[in-house]
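Record features (Swiss-Prot):
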type	residues	note
BINDING	R37, G38, R69, D88, D89, L90, V91, D92, T93, G94, G95, T96	5-phospho-alpha-D-ribose 1-diphosphate binding site
BINDING	R69, D92, T93, G94, G95, T96, W134, I135	GMP binding site
BINDING	D89	Mg(2+) binding site
BINDING	D92, I135	guanine binding site
BINDING	D92, I135	xanthine binding site
Amino acid sequence: MSEKYVVTWDMLQIHARKLAQRLLPVEQWKGIIAVSRGGLVPGALLARELGIRHVDTVCISSYDHNNQRELKVLKKAEGDGEGFIVVDDLVDTGGTAQAIREIYPKAHFVTIFAKPAGQPLVDDYIVDIPQDTWIEQPWDMGVVFVPPICEGR
């Protein structure tokens, strides 16, 4: 990955609220299935904005910090996804999204961010991201003190 796209907590909440507006009316949904771990925070934000209390998870492992690795389904919510929103933070190459589509063929699959290779696999997303860009999510970062330039002389 050559570029990095840094996401702040404020940006994430704004994007999640935009996505929630597109998911109205709320009465059409039975619940949310968040893809662990990237979809956990967006799932919580959507649950709050839509007033949805039924939240479950599907646990799929495909990343090890900066590297993609073999896909493993560790745990899944029951059913075919009918009436459920499945949410992840992003769709990248489409590997995880393809697995989600196979597990939950009737779900409405959404992400906050989408890269070109994975876009066709989601029903909706908010932000386009170039394929060669790594997304730094706010839960993966910490705030640190940076001394003024004049002190580094």
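Cβ atoms here come from the backbone N, Cα and C positions, even for glycine.
Sparsest Cβ environment among the binding-site residues T93, T96 (other Cβ atoms counted within 10 Å): T93. In the three-state DSSP scheme, T96 (GMP binding site) is classed as helix. In sequence order, G38, G39, V41, P42, T111, I112, F113, I135, Q137 constitute the residues six or more apart from D89 (5-phospho-alpha-D-ribose 1-diphosphate binding site) in its chain with CB-CB distances below 8 Å. Cβ contacts within 10 Å of D92 (GMP binding site), excluding its own Cβ and spanning all protein chains shown: 25.
With R37 (5-phospho-alpha-D-ribose 1-diphosphate binding site) as the anchor, the candidate binding-site residues are D92, G94, T96, W134, and the one with the nearest CA is T96. Cα of W134 (GMP binding site) to Cα of V91 (5-phospho-alpha-D-ribose 1-diphosphate binding site): a distance of 12 Å.
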